[in-house]
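Participant: My structure is below; once you've seen it, I'll send some questions.
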Amino acid sequence: MSDSVILRSVKKFGEENHAFESDGFHNNDKKSRLQDKKKGEGARVGFFELFRFSSSKDNWLMFMGSVCALLHGMAQPGMIIVFGILTDIFVEYDIERQELSIPEKVCMNNTIVWINSSFNQNMTNGTSCGLVDINSEVIKFSGIYAGVGVAVLILGYFQIRLWVITGARQIRKMRKFYFRRIMRMEIGWFDCTSVGELNSRFSDDINKIDEAIADQMALFLQRLSTALSGLLLGFYRGWKLTLVILAVSPLIGIGAAVIGLSVAKFTELELKAYAKAGSIADEVLSSIRTVAAFGGENKEVERYEKNLMFAQRWGIWKGMVMGFFTGYMWCLIFFCYALAFWYGSRLVLDEGEYTPGTLIQIFLCVIIAAMNIGNASSCLEIFSTGCSAASSIFQTIDRQPVMDCMSGDGYKLDRIKGEIEFHNVTFHYPSRPEVKILNNLSMVIKPGETTAFVGSSGAGKSTALQLIQRFYDPCEGMVTLDGHDIRSLNIRWLRDQIGIVEQEPVLFSTTIAENIRLGREEATMEDIVQAAKDANAYNFIMALPQQFDTLVGEGGGQMSGGQKQRVAIARALIRKPKILLLDMATSALDNESEAKVQGALNKIQHGHTIISVAHRLSTVRSADVIIGFEHGTAVERGTHEELLERKGVYFMLVTLQSQEDNTHKETGIKGKDTTEGDTPERTFSRGSYQDSLRASIRQRSKSQLSHLSHEPPLAIGDHKSSYEDRKDNDVLVEEVEPAPVRRILKYNISEWPYILVGALCAAINGAVTPIYSLLFSQILKTFSLVDKEQQRSEIYSMCLFFVILGCVSLFTQFLQGYNFAKSGELLTKRLRKFGFKAMLRQDIGWFDDLKNNPGVLTTRLATDASQVQGATGSQVGMMVNSFTNIFVAVLIAFLFNWKLSLVISVFFPFLALSGAVQTKMLTGFASQDKEILEKAGQITNEALSNIRTVAGIGVEGRFIKAFEVELEKSYKTAIRKANVYGLCYAFSQGISFLANSAAYRYGGYLIVYEDLNFSYVFRVVSSIAMSATAVGRTFSYTPSYAKAKISAARFFQLLDRKPPIDVYSGAGEKWDNFQGKIDFIDCKFTYPSRPDIQVLNGLSVSVDPGQTLAFVGSSGCGKSTSIQLLERFYDPDQGTVMIDGHDSKKVNVQFLRSNIGIVSQEPVLFDCSIMDNIKYGDNTKEISVERAIAAAKQAQLHDFVMSLPEKYETNVGIQGSQLSRGEKQRIAIARAIVRDPKILLLDEATSALDTESEKTVQLALDKAREGRTCIVIAHRLSTIQNSDIIAVMSQGVVIEKGTHKKLMDQKGAYYKLVITGAPIS
C-alpha cells in the first residue's frame, strides 16, 4: 500500500449554512470568544433585566402585588393626616382646659370670659370653648384607624404572597434556562470553566437573585409608596416647610448613589472569591481518596482558607460602607427634625400660617418619606447583590454556543458510508492556544475498515477522535464525512452515528439497564440484554442481586474498572453506530473478558468504520490500516507488515514491545506466539480521552483511589424507578432539628469584643427612636403652652437635642455596621473552614453515602455558612437594636401612664404569636427547599462533571428533564411558603393600626375622665407604636433566622460526627522502625453502601518487608479493595490487617498512611503547578525543589517538563486536564517517589504509558521498589512475573499463591490465566 495519503475533493455542501465557516473566521471566532469572556466579567446587569424571565402571568402577578404594596404604603401617610387633625383637636382642648383652670375664667356662650370684665373686653380677648366633644371625636378617629388596619391586613397578605409566587416562578425558569444553556455549550467552553464554579453559581448566585426579585420587591415598593405619598401630602399641606425639610435630600441621594456602587463592587469581588473557594472544595471532595492517601487534608484546608480570606476582606468592607451609610442617613434625618421644628415653629407662632396639626402633618409626612427612603435603601443592597450575581448567570445564558449540540441547524445525510478525511488539520485547545496539538494532519479513514492510531503519548491520537465527534472544530483545515465538511452537518445527528468507548468510562448514577439504554433511548429490554451479552457483561450483571436494576453509583463507583468498561461497551453497541471509536476500550479488562469483548467488537466490524486508538497488539496487528502519529501529524500509514518493512514509528514501538515479550517468554511460556490475543497484555501507547485538554474538569477521576465512591442514584433514565422511590427514606435521614442559637454564637465567641461594641452601638441606636418619640410629644405639648416666649425657648431646646441625636447616630451606626460585619464574616469563614475540615476528616465510607456526593457537599459549604449569618453578624445587631427599642419604648410608656400602656400591650402577644408561627413554618420550608435543591445540585454536578460523555452519547435532554422535575418540587414548596409568610407579615403590619385604634379610644376616655394630659397619650401611643414596629421588624428577620438555624444544624451534625477512622486523631500506635510487613488474616468485607455484596470473603495473605506481592484475578474479585483496607479507607468487617504485627485498626491513621505511597491506574492531579503536584507526595514537611526534581528524573518526567514554556511552574489544569495520561501518570509516580514510603502500592501504575515511556518508567518503579514492601495489581501478567509472591484472587479469597515459576509448575488457575485467559474459579 502506498505511503502517501490521497485526499478527495470536498463537496462544500451547504456553504450558506452558518455552521460551515471559513478557517480564518473560525479561528478568529475562538479568539474573540476568549476576549468576550474577559470583557464580560465586568459586565453589569441592569435591575429590570433581573425580570427578563417573567411571563404575562408573572407580569400580572407582579402588577397586582405592586398595586397591593403601593396601596399598603399609602396607609401610613394617610393616617398622618388623620393624626394631624386629631393633634389640633387635642391642642385646642388643652388650651381650653388650661384657660378654664384659672379661677376667674368661665365658659359662656362657647367663649371663655373673665367673670369681672366688661362685655367688650371679653369679646375682644375671649377664647372659644365647649365646641370640642373629645369623646365623639376620638371614637370617630378610632374607627378610621381600625378600618385602615383591616385594609392593611388584606393588602399586606397579597403583596407578599403574589411577589413570592412570581419570584419562585421566575427563578424556576431562570434555573431551567441556565442549565439548558450550559448543556448546549461546546466542549471548549467547559475547558475554560470550572465545574465547582458553575455549581456555586447554581446555588449561591441564583439564590441571591431570588432574594432580589421576590418579597424584597414588595417591601421596596411599599416603602417607596410611603415615601412618595408622604412627600406629596407634605407639599399639599404646606410647601414652604416641605421645601426646607427637603433641602438636605440631595445629600441623601448622592450618598445612596455612591454607596450603591461601592456595595455592588464589593459584592462582586466577594462572590468571585467564594466561587474560587467553591471550585477548590469541589476539586478536593471529588478526589478525596487521593487527598486521604497523601495526607493532604491540612494543606487543602489551608488552600481553601486562603480564598476565604479574600471573600472575608470584601465582606467587611461592604459592612463598613453600609454602616456608614445608615449612620449618615440617620444623621441627616435628625438634622432635618431640628431644622423643621425650628422653621415650622416660626410659621406657627410668628406668622400664624400653619396650625400645630398642619406642622405635625407636614413634618411627619416628609420624615416618614425620608425614613422609608432610608429603609428602602436596605433593599437596594439586596438588589445590587442580585444584579452582581446575575451578571455571570446572564452572560452564560446570553452566550451563543459556537457548536450547539441541541440545535436543529445543519444537514442530515440520508445514508452514510462512514468515510472520514482530515484535510490539513491544525488544532490547539482553547485553554492552551500556545500548544499546537495537531499540525497539518491529513489522512483518510475508509468506510467499513478498522483503522488503528498508534504513536507516543500526546501525539494527537485522541484529539483526532474528538474532532471527529465535533467536540472541537479545527483551527485550520477541515474534517469531512463522506465528502461533507462535518461543520455543515447537524451535530446531534452526527454524534448519533458515532459510538465511543473510552479508557476511563463514565457511568451515571442510575441502574445498569438505564446506563445501557442511554446509548439509544428507544431501546427495549431485549436490546439491552443483547448488548450486554455482546459486551460480555451479561454474566456478571445476572450475578448481582438486583441484576439489570442494580444501581451503579456516581461515575459507576459501585463497580470494578472491568465491569464499568463492559457496561460502557454495551452502551456503545446498543447504538448500532456507523462509526465506532475505541479509545483503549478494553484496557481495564482481564484476559478472558478482553478476548471475548474483542470478539464482539470484531463481529460488528462489517459495515462499520472502526477507529481504535493505541489498542493491544492483537487489535493493532489485525487492523485493516495502521496510522502512525508523531507530533500531531500522520507520518505513516499501512498494514502491520507494510509498516514493519518501513521501519518507522510503528516498527520502533513493535520492537520495544517484542523485547519485553521475549523476556517474558524466557521465564516459562514456551512455544506460544506472543502476538496472539490471549497472551500477556501490552499497550502500544497511551492517548487518553483527556489528552492535553480539560476533559477531566467534568471527568471525576474514579481511579482505584477515587472510583469506589458509592454515590446517590440520579434520574437520568426512568426518573421514578431510580430516584423517586428513594425519596422518602432520604428525607428521614436528612431531617435535622434547628440548632440552638447559643451554640451558633459560641462559634463567634472569639469575636466577642466586636460583638460587644457592635451590640452596645446597636442598643444606643435602638434607644434613639423612643427618645425621638419623647422629644416629639414634648414639642406637641409646647404648642399648647399659653406663653409664646416659653414655647419658643422649649422648641429651640428640643431642636438642639435632635442635632445631638444625629451626631450620635452617625458614630454608632458606623461602628455597628463595621463590628458586626467583621464578626459575621469571621464566623462565616470559620464555619466554612471548619465545615470543610470536618468533611475531610470523615472516613471514606461517609463519602460513599448517597447524601454526601461532591455536588451536595460543595453546595452545602457555599450556602449553609453564609446563611448562618442570619442568626449572627449584622442580624444580631438588628435584633439588639429592636429589643432595646422595645425595652426603652415600653419603659417610657409605663412611666407616663401605666393604664394606657397596659391596654396597648394586650396586642403584643398577637405579634409574638404571628412571629413564632412564621419562624416555625419557614424553618420547615427552608429545610425542604434546601433538600430539593441539593438533589437538583447532584444532577447538575453529575452532568457537568462528565460533560464529554453526556455530549458524546447525546443525553443532555435527559439530564435537563431530571433537573426540571426537581425544580417543580422546589416551586411547590415556595407556593406554600408564600401563604404562610404573607399571612404572618400582614398580621404584624395590621396589628399596629388596630392597637392605635384601641389606644386613642381609651386615651380619649382618660383625657376626659381622669384629666390626663394629651401629650402623655401621644407619648405612650408613639412609644408603644415604635416598639410594635420594632417587633414587626424583628419578625421580618425570621426567614433568614429560620434558614440560619437549619444551616447551622447541618454544620453541627457534621462537626459532631466522630468518624470510625479519624484522620485528625492523635490516638493510635506509632513505632520508630517501620518495616512494612503486611498480613491479611481472614479478612471479610462489604462496602457500607452495598452491604448485600460480599467483596472479601476471608482474604489471607502475607508479605515480608522488602518483598513484592502481586494480586491477580478477574475484575471485581477484591484486589483494589485489599489496597483500600491497607490504606485504612475502610476497616474489615471481620478479620485483621496486620502491619509489622500491629492491628491496623489500632495504628494511628496519619502515621500509617505516611508510610504508604500509591500510584493508581487513573491518577488524580490537582489544579496547581507540576512542582506543587510532585511535592504533594509528602505533606508532612516542606519538600525542597532539588528533591522534587530528583523524583521527576527517576519517574522519567524531567525532560518532558523542561520542554514546557513554564517548566515546573506549568499549571496542570483541573484534574490534570492540560496533560496527556502518560504525562499525568509520570507526575503521579514522581509524587509517590518523593514520599519515600516503606510500602508502595502500584495499581496498574504503567497502564497509561506508551511502550516507550513504559519501559523506562517500569525501570524507575523497579528501582523505587528496592528496600520497600510493594503490592502490585496488574491485568498485564508480564509486569508482575518478577514478584516475590503472586496471589491469585477469586470471589474475595486467595485461591493460590507463590512465585511465577512455582505457579506455572502447579498448572493451576494462574497457569490457565497466563496461557489461555481462562476464568479464575
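Glycine is treated like the rest: Cβ placed from N, Cα and C.
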Participant: From N116, N375, N424, N748, pick the one Swiss-Prot annotates as N-linked glycosylation site?
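Facilitator: Swiss-Prot annotates N-linked glycosylation site at N116; the rest carry no such entry.
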Participant: Decide, relying only on Swiss-Prot, whether F963 and A1190 lie on the same side of the membrane.
Facilitator: yes
Participant: Which residue, chosen from N109, N591, is annotated N-linked glycosylation site in Swiss-Prot?
Facilitator: N109
Participant: Which stretch, out of 177-197, 534-554, 870-890, 1038-1058, is listed as transmembrane segment by Swiss-Prot?
Facilitator: 870-890
Participant: Using Cα coordinates, what distance in whole Å links G1116 (ATP 2 binding site) and S462 (ATP 1 binding site)?
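Facilitator: Their Cα atoms are separated by 28 Å.
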Participant: Using DSSP, how many residues in the topological domain 'Cytoplasmic' (169-215) fall into helix, strand and coil?
Facilitator: 41 helix, 0 strand, 6 coil
Participant: Rank 148-168, 320-340, 354-374, 756-776 by Cβ pairs under 8 Å to the transmembrane segment (63-83) and hand me the top one.
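Facilitator: Ranked by Cβ pairs under 8 Å, first place goes to 148-168.
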Participant: So which of 148-168, 354-374, 756-776, 795-815, 980-1000 is most in touch with the transmembrane segment (216-236), counting Cβ pairs under 8 Å?
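Facilitator: Answer is 354-374, with the largest number of Cβ pairs below 8 Å.
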Participant: Mind checking which residues reach the transmembrane segment (241-261)? Cβ under 8 Å, same chain, six or more beyond either end.
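Facilitator: Contacts with the transmembrane segment (241-261): 231, 234-235, 321-322, 324-325, 328-329, 332, 335-336, 339-340, 343-344, 347, 354, 359, 362-363, 366-367, 370, 373-374, 377, 380-381, 384.
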Participant: May I ask you to check whether the transmembrane segment (148-168) and the transmembrane segment (980-1000) make contact, with contact taken as at least three Cβ pairs under 8 Å and only pairs 6 or more apart in sequence counted?
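Facilitator: With 3 or more qualifying Cβ pairs, these stretches touch.
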Participant: Quick one: of G1113, S1114, C1117, G1118, K1119, S1120, which binding-site residues lie within 10 angstroms of G460 (ATP 1 binding site), measuring between C-alpha atoms? Sequence order, please.
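Facilitator: Near G460 (ATP 1 binding site) by Cα: none of them.
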Participant: Based on Cα coordinates, which of the following binding-site residues are within 10 Å of C1117 (ATP 2 binding site): G455, S456, G458, A459, K461, S462?
Facilitator: none
Participant: Pick out which of the binding-site residues S456, S462, S1114, S1120 has the most other Cβ atoms within 10 Å of its own Cβ.
Facilitator: S462
Participant: From the DSSP assignment alone, can you count helix, strand and coil residues within the topological domain 'Cytoplasmic' (262-319)?
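Facilitator: The composition, in the requested order, is 54 helix, 0 strand, 4 coil.
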Participant: Residue list, the transmembrane segment (795-815) vs rest of chain: Cβ under 8 Å, 6 or more residues beyond ends.
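Facilitator: Beyond its ends, the transmembrane segment (795-815) has Cβ neighbours at 320, 323-324, 326-328, 330-335, 337-339, 341-342, 345, 757-758, 761-762, 764-765, 768, 771-772, 775, 778-779, 782.
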